[in-house]
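Here is the structure we will look at, set down as C-alpha cells.
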Amino acid sequence: MAAGGGSSSLQLPCVFSPKSRQYLALCAQDGRLRIWNTDSKTLHQEYVPSAHLSATCICITWGPCRTVKEGPQRKKRKSEAGQVEEKADLLAMGTAAGTVLIYSTAKGSLHCTLDGGHSGAVNCVQWHPEDSILYSGSDDTNIVEWDLQTGKTRSKWKADRAAVTSLSVSPDGKLLLSAGQVIKMWDLDTKEVYRKFTGHSTAVTTLCFATTRPPDSNGLYFLSGAAHDRLLSVWQVREDGKDKNSVVSFTLTDEPQHIDLVTSNRKEEALRMAVVCKDGQLHLFEHFLNGPCKKPMSPSCTVQMSDTKDSPVPIPLLAAGLGADTRSILLAYGNHLQPVMEKVEINTSERHICLTRDVHTSLSLSIETAVSKVKTPIVNTNSRVLVPGLPGHQAPVKGISQGSEKRKKDTDTKEMSIAERIGEIDLSSVSKGKGAPKGTISLQTDNFAVLLVQGLESSDANILNKVFQTRKEMVIKKTVARLPLPAVLPLVEEITKRLQGHPFTAVLMVRWLKAVLMHHTSYLASLPDLVTQLGVLYHMIESRVKMFHKLTKLHGKLYLLMTQVATSDSSNTVTDVDHTAKLVYEEESSDEDEASGDEGLPDHDSDNWEEEEEEATEEKMEEDKEEHADEEEDPDNRTDSKANGEEDMEHGDESEEE
C-alpha cells in the first residue's frame with residue numbers, strides 16, 4: 001500500500017491505488033483531484049471540490065480495496081460479501097479547512113464529507129485496514145477517529161503539543177503511529193500511549209509500518225522520515241521497552257516525498273522499498289530487518305530521468321509503485337497537471353540508472369488527440385478580404401483611386417514574400433504631427449497585429465523581436481485586442497518561451513502577457529486543454545516567485561535592524577541643553593493689589609533709601625500727635641454725636657410703633 005498519508009502541505013499529494021495500481025490520484029496546483037488510469041494512460045475522473053482554492057487538498061490516501069456492486073444496492077457495499085472483484089473505490093482527502101472529503105471512484109462523485117472534528121488543517125489521513133474507520137491528524141494537535149457508516153466522530157484525543165503531521169495504522173489494525181516531532185504509538189482499544197520514540201529535530205512527514213509481525217515478538221519495525229532530513233529511520237518495537245534509538249538508517253539525496261514498500265512478514269524475507277525524494281530521484285532499498293545496524297544503508301539502485309535534448313534537463317519523478325516482480329516498477333513522472341505513467345524494467349545490479357524520455361512528444365500526442373477549438377483559417381486565393389489590418393494591405397496606407405484598385409487586383413495574385421513586406425514596412429516612420437503630408441498615414445497599431453500574426457505563423461524571430469520591443473502600453477493593448485482568436489494560444493506559447501530567457505526580455509513579455517489575459521480570458525477559459533497549455537507558464541511563474549516571500553521577510557528583518565541601529569546612534573549623541581526659557585508664566589492679581597504694588601514701588605532706584613525711611617517715620621510721628629490733639633480738643637463733639645445717635649434710634653422706634 002502506498003504510503004501517501006504523511007505528505008506535508010508543501011508537497012502536492014500523489015498516490016497509486018493499492019494492490020492493482022490501476023489508478024493514480026493526485027492534486028495539482030489548481031486544487032482539482034485528478035484520477036489517471038495507469039493502463040490506458042488517460043484521465044479517468046476529475047473532481048473539483050466546492051472550495052478547491054480556499055480549502056486546498058493537503059493529503060490523499062486510498063482506502064482498502066472493497067467489493068463494489070453496480071445498481072441500486074451500491075450504498076450497501078461496505079457490508080456485502082466479495083461477489084464482485086475487489087477494486088480501489090474510496091479516496092480520503094484532507095483539506096486546509098479542517099474537513100475530510102471521501103470521494104468514490106465507482107460513483108465518480110463525492111461520497112460524503114466529514115467535518116466538525118478539526119479546527120485546523122488536516123495534515124494526514126489513514127484508513128483502518130478492516131473496519132469502516134478513518135483516522136485524521138490536524139494542526140489543532142488532535143487525532144479524530146471517524147465512523148464512515150454514520151459520518152460522525154467516534155472519538156477524539158489530544159496527541160501532541162505540536163501539530164500532528166503524520167499517521168500510520170498497523171497491518172493488524174491494533175496500533176496507530178502518530179507524529180509531530182515526537183513519534184507516539186497508540187493502543188487503539190484504550191487510546192493510550194503504548195510507546196514513545198524521539199530522534200527527529202523537525203516535523204515527521206512520513207510514517208509506515210515495515211513488518212506485519214506482532215509487537216511482543218521483537219519483530220515489529222516501522223519507518224519514519226522528517227522534513228529537511230536526508231535519512232529514513234527504522235525503529236524496532238522491542239518487548240523490553242529499550243527502543244529509544246533507531247536501529248537502521250537509509251541515506252537519501254533529499255527529503256522523502258513518496259514511499260512504497262513491500263512489507264516483510266518473516267525474518268527471512270527482505271524489506272523492499274522505493275523512495276521518491278523531493279529532488280525527483282528514486283532510490284531502491286532491499287534490507288533484512290533483524291536488529292540494529294550501525295552503518296547507514298545506501299540505496300541498492302538510484303533512478304533518475306532526463307529529457308532527450310542536447311543539454312539534458314532532469315524530469316522529476318512523482319511516485320513509484322513496486323510490482324510483484326523485483327525488476328518491474330510503475331513510475332509517474334513529469335508535472336502534476338499531466339503526469340506520464342510508465343512501467344519499466346530496472347536492472348537493480350546497477351547502482352545508478354538514468355532513463356531518457358521525450359516528455360514533450362508524449363504530451364503533444366495526447367494534446368493532439370483532444371478536441372481543440374483553435375482552428376487555422378483556410379484562405380481562398382479567389383476571395384479578397386476587405387478588412388484593414390490583414391495581409392494584402394501595405395503600411396503606410398496611401399489614399400488610392402479607382403485606377404489603383406484595378407492595378408491591385410492584378411498584383412494580388414503574386415503574393416509578396418515576408419522579407420519584402422518587412423522591407424516596405426518602416427517601423428521607425430511615425431507621423432511627425434501636422435507637418436506630415438496628407439497622403440501618408442502613420443503606422444497604425446493594426447499593422448503590429450498583422451506583423452504579430454505573420455511572425456507567429458512563420459516562427460520568424462526578426463518579426464517577433466520588432467513587435468515585442470515596443471514599450472507603449474496603449475500600443476500593446478490595441479495590438480492584442482485586434483489579434484484574431486486562433487493566434488492567441490500561439491502568442492501565449494511564444495510569451496512563455498521568452499519569459500524563460502533573460503530577465504530583461506521577461507520584463508517586456510510580462511506586459512504582453514498581462515494584455516492577453518485582460519482581453520482574451522473568456523476565450524482561454526473555453527479551451528478544453530487549457531491546463532496543459534498554461535501549465536508550463538504557471539510552474540515557471542511559481543518558481544520565479546518562490547523566493548519572493550523569503551526575500552520580503554529578510555528585507556523586513558534588515559529594515560528593523562537598520563532602524564534600531566539608527567535610533568541607538570541618535571540616542572547616544574545628546575545635544576546641548578538650551579537654558580533659555582521658552583515660556584514665562586506670570587500670575588494675574590486683582591486691581592487693588594496692582595494699585596498698591598504700583599504705589600509701593602519707587603519710580604527709580606534711589607541710593608538715599610535710609611534718608612527716605614527716616615522722613616517717613618517722622619511724618620508718622622507728626623500725624624499721631626495731631627490726632628491726639630484733636631481728641632483732646634473735641635470731647636464734647638463725641639458726646640454730641642452719641643446723643644444724636646440715640647435720638648436717631650428713638651425716631652426709628654417711633655416709626656416702627658406707628
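Using N, Cα and C of the backbone, Cβ positions are placed for all residues, glycine too.
The annotation repeat 'WD' is assigned in TrEMBL to 115-156. Within the model, the repeat 'WD' (115-156) shows a mean pLDDT value of 92, rounded to a whole number.
Here TrEMBL flags 390-414 (among others) as region 'Disordered'.
What TrEMBL records for 404-414 (among others) is compositional bias 'Basic and acidic residues'.
Positions annotated as domain 'Small-subunit processome Utp12' by TrEMBL: 460-561. Secondary structure of the domain 'Small-subunit processome Utp12' (460-561) per DSSP, as helix, strand and coil residue counts: 84 helix, 0 strand, 18 coil.
The feature region 'Disordered' is assigned by TrEMBL to 586-658 (among others).
The annotation compositional bias 'Acidic residues' is assigned in TrEMBL to 586-597 (among others).
The compositional bias 'Acidic residues' annotation in TrEMBL covers 608-617 (among others).
If you look up TrEMBL, you'll see 618-628 (among others) marked as compositional bias 'Basic and acidic residues'.
For 636-645 (among others), the entry in TrEMBL reads compositional bias 'Basic and acidic residues'.
Among the features that TrEMBL reports, compositional bias 'Acidic residues' is placed at 646-658 (among others).
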For the repeat 'WD' (115-156), give the DSSP counts of helix residues, strand residues and coil residues. 0 helix, 23 strand, 19 coil
